[in-house]
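Encoded as structure tokens, the structure appears first; notes follow it.
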Amino acid sequence: MGHGGEGMSLEFTPTWVVAGVCTVIVAISLAVERLLHYFGTVLKKKKQKPLYEALQKVKEELMLLGFISLLLTVFQGLISKFCVKENVLMHMLPCSLDSRREAGASEHKNVTAKEHFQTFLPIVGTTRRLLAEHAAVQVGYCSEKGKVPLLSLEALHHLHIFIFVLAISHVTFCVLTVIFGSTRIHQWKKWEDSIADEKFDPETALRKRRVTHVHNHAFIKEHFLGIGKDSVILGWTQSFLKQFYDSVTKSDYVTLRLGFIMTHCKGNPKLNFHKYMMRALEDDFKQVVGISWYLWIFVVIFLLLNVNGWHTYFWIAFIPFALLLAVGTKLEHVIAQLAHEVAEKHVAIEGDLVVKPSDEHFWFSKPQIVLYLIHFILFQNAFEIAFFFWIWVTYGFDSCIMGQVRYIVPRLVIGVFIQVLCSYSTLPLYAIVSQMGSSFKKAIFEENVQVGLVGWAQKVKQKRDLKAAASNGDEGSSQAGPGPDSGSGSAPAAGPGAGFAGIQLSRVTRNNAGDTNNEITPDHNN
């Protein structure tokens, strides 16, 4: 039991060791599962359905990780016995062959961050020794054929850990972004409350009936008058700079809120726009928290391009940085376009300034593209940070994969900058500007009203299909009647949602692409 004791099989391992380790693993797993279940119960009690669905998305990601882990464990023996010629593995290496020889010569005397972590986590060192023993077996298997293993057990083990670190980092960064962003958005609640108070102020009501010059309005002064009035380039420059300071002002909030209400629910001027905006953001959050298939494709491409001398880690850090600046600039420019439309059409107005929301202000007339970009930005930034810490813990700070210090520091600075800017500027901007499209989202209704509307729409669709089928039948057959509850095709009473009677609907669109299934198209002709 001396030197080879660490390689003993389960047959010669004490039962108390097996039972103890099994107990710890099962206890930790059950604790995490119960904790997630508790969070789900709390969200249900508070009627936070979007956040509950986001939690379910996290559970799906954990299940996917478990399945990936199972596949790697089951097939690691088969993968390690897949042998190839040595010259096949001499191309597209993350580190040069000289670096590998230098690392092998100095491995026994260099103290790295990896060894520091192994001091506190002895199981890591034990795992590496066990992997070394298995690696010797697999190398012997392939050497008999004059070949080398395609992927060593140790490399497979490190890849296994990286996938877990990446997924956990992405979920963590998304949650932190939404928490910090929601904190910023909650500061706007005082503006919503002040608007509600002004409705009962006689002086405010009298002032709204006055005729005012458009260029004297604070919203127009901020977005139309100034350096961007007569130049497109200067206008975009102003939008670019504004995302770094006062990205959303009170005049922005008041004007955009009024434009939304007058366009989509004119009959309900008392709509709590702030509460609706928060519900819509929670709906969007469940789209962002997961790792979509196209993000996994990005991971594979990045792992493929991680070639020595290309400095892929350094250049890839600029992708989310550039995208984040572009998204923030575009969102600010949408607000500027709304101001330009009003200022160019009117000289003076009676009452409040009203803007006209439209999909035409967004890229390809699709506001949901912005959400996809934010999703990619958060994932790529999480990928960058996760990869850094994974390399640091696994191979050490001086690893050739880590790169030189002059490439490491800018990456970390950019990563922190992206996280802060996205949390406190871009996400709040998206929360309000995304409402400036041609459609409003189903979050405008309370949950019980949403269920009633969806049920009503399904019944209308079923009756329409039955009528279409009957009209295509024999001419002599009797036509299907409309039925007692389908006379006018009007929506049923929504009970607590009767306050939304001012919202006129022509149809409820439920598409399969992206987050458009959250949108309801209003009828502007009524």
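Quick reminder: no glycine exception, Cβ is built from N, Cα and C everywhere.
Listed in Swiss-Prot for this protein:
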type	residues	note
TOPO_DOM	1-11	topological domain 'Extracellular'
TRANSMEM	12-32	transmembrane segment
TOPO_DOM	33-61	topological domain 'Cytoplasmic'
TRANSMEM	62-82	transmembrane segment
TOPO_DOM	83-160	topological domain 'Extracellular'
TRANSMEM	161-181	transmembrane segment
TOPO_DOM	182-287	topological domain 'Cytoplasmic'
TRANSMEM	288-308	transmembrane segment
TRANSMEM	309-329	transmembrane segment
TOPO_DOM	330-372	topological domain 'Cytoplasmic'
TRANSMEM	373-393	transmembrane segment
TOPO_DOM	394-412	topological domain 'Extracellular'
TRANSMEM	413-433	transmembrane segment
TOPO_DOM	434-526	topological domain 'Cytoplasmic'
REGION	447-468	region 'Calmodulin-binding'
REGION	471-526	region 'Disordered'
COMPBIAS	476-495	compositional bias 'Low complexity'
COMPBIAS	506-520	compositional bias 'Polar residues'
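Only residues 6 or more beyond the boundaries of the topological domain 'Cytoplasmic' (33-61), in the same chain, are considered here, and those with a CB under 8 A from a CB of the stretch are 167, 171, 279, 282-283, 285-286, 289-291, 443, 447. Counting Cβ pairs under 8 Å to the transmembrane segment (161-181), the top-ranked stretch among 12-32, 309-329, 373-393 is 373-393. Note on the topological domain 'Cytoplasmic' (182-287): DSSP counts are 72 helix, 3 strand, 31 coil. The average pLDDT computed for the topological domain 'Cytoplasmic' (33-61) is 79. Cβ atoms under 8 Å from those of the transmembrane segment (62-82) belong to residues 134, 138, 141-142, 149-153, 156, 159-160, 163-164, 167, 291 of the same chain, restricted to positions at least 6 beyond its ends. Same-chain residues lying 6 or more positions outside the topological domain 'Cytoplasmic' (330-372) and placing a CB less than 8 Å from one of its CB atoms are 208-215, 217, 219-220, 222-224, 228, 235-236, 238-240, 242-243, 247, 252, 255-256, 258-260, 262-264, 284, 287-288, 426, 429-430, 433-439, 513-516. Across the topological domain 'Cytoplasmic' (330-372), DSSP helix (H, G, I), strand (E, B) and coil residues number 27 helix, 3 strand, 13 coil. Summarised by DSSP class, the composition of the topological domain 'Extracellular' (394-412) is 10 helix, 0 strand, 9 coil.
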